[in-house]
């Protein structure tokens, strides 16, 4: 009888185990127990993480938001009508990610980064997490470089710096989106990459915005992220974070980016809807208790990071460059009520706000910026030298004008100084008006503000200020192109530039009509 060698048997078993190819990968599995309004309750999935992607049958995905003792509450990122009770759900082990990189520039994508512009697939080489921790205090650098919006009223009185969060707030139909789109168009020569996130808007409105960006050549350096009004609340909630991740790609590699959230009021409403469906306890205005955190964790990701952070992030590939992500969140108020829950939250998170007023808009002052309560908390350090030097007179003139205009209604006889201040204020108000889609360069702004400060508009009738400005800038581009280029290139202000501006104004007023 043959003797069995235990060592041989042991080796044979070990060899068989090593050669075994386990075809099925182990997945944490659960069962759908309830489906309603885009929310799924799943029994099981003990290992699910907060924010993890959950896979359902039929290639539908969800995101885990409620981790309870014996079940998981998830929002469906897509068509929840395909799902039924009793179907299986699987953990993926992955937090939600979106494609990032320069391949997304010039494209229109949904909240998950899928192209929706009919221009074919996006062959992005990288993906990144939608939810990320904002850079720490040590990794940041103070804001000291400007983002020119092309608006005289903003760049002079409420300047924005790279890495700043500047809120645009106002009622519906006051020009909030127009201001943000103009800011994107104005970045044509600045090298700043842009991301426009449309949340809860009509598709026709978004199509108009995309068309305008295309016509002005701004789409080539812009990514448009869309979560329209017809899409599930879950996608409207995620879209701003997805857009932020796309913008952070450039920030972390030593480049500058600008992101517009249009608008965060609708994101808060979508999050409220999700929270109530998940049976979370409601608070003030039925918003959940963490609605402040919803916006703070998003807007804290907009920052200016120092060269050490960029060098470490790129493993030494990019040296000596700082990166920035500037945010322009938009909030819609109801009847000018800035003391409502979401507006006060976002005002306290951001580094300043541009307040647009219906009454100014309807009286023809556009952009309808209320200079009194609009403020930029950090932008002053980022202003260019020439604009900083010249803009002091603008804010003073407007403040005095608003104060005196109230008294002038009742007083019949005004002294000469008061009348002079009223006349000057009226002209400055007229000068601050600007047409849509016509952003102005540094040199153009400097030229017209200098004219106002030095009293060259005093004898120009108020109704002719607009035509004077147009004719004067045309003259400057034709006759003083070198001066305009020098101001644009250096942004410096000295006696030589002031003298040349003065003589060009004198020549223009003598020899040209307007």
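Every residue number used here counts from 1 along the chain in the order it is shown.
Cβ coordinates come from backbone N, Cα and C, glycine included.
Quantities reported herein were computed from a predicted structural model and do not represent experimental measurements.
Positions annotated as ATP binding site by Swiss-Prot: 170, 171, 172, 173, 174, 175, 176, 177. In the three-state DSSP scheme, residue 175 (ATP binding site) falls into the coil class. The Cβ neighbour count for residue 175 (ATP binding site), using a 10 Å radius and every protein chain shown, is 18.
Sequence-distant contacts of residue 374 (site 'Required for activity'), defined by Cβ-Cβ distance under 8 angstroms and a gap of at least six in the same chain, are 157, 158, 352, 353, 354, 355. The feature site 'Required for activity' is assigned by Swiss-Prot to 374.
All protein chains included, residue 176 (ATP binding site) registers 25 other Cβ atoms within 10 Å of its own Cβ.
Remark: residue 177 (ATP binding site) has 205, 209, 262, 330 as non-local neighbours, by Cβ distance under 8 Å and separation of at least 6 in sequence. Other residues of the same chain near the ATP site, with their Cβ within 8 Å of the Cβ centroid of 170, 171, 172, 173, 174, 175, 176, 177, are 332, 356, 358, 361. Between the listed binding-site residues, namely 173, 174, the fewest other CB atoms within 10 angstroms of a CB are found at 173.
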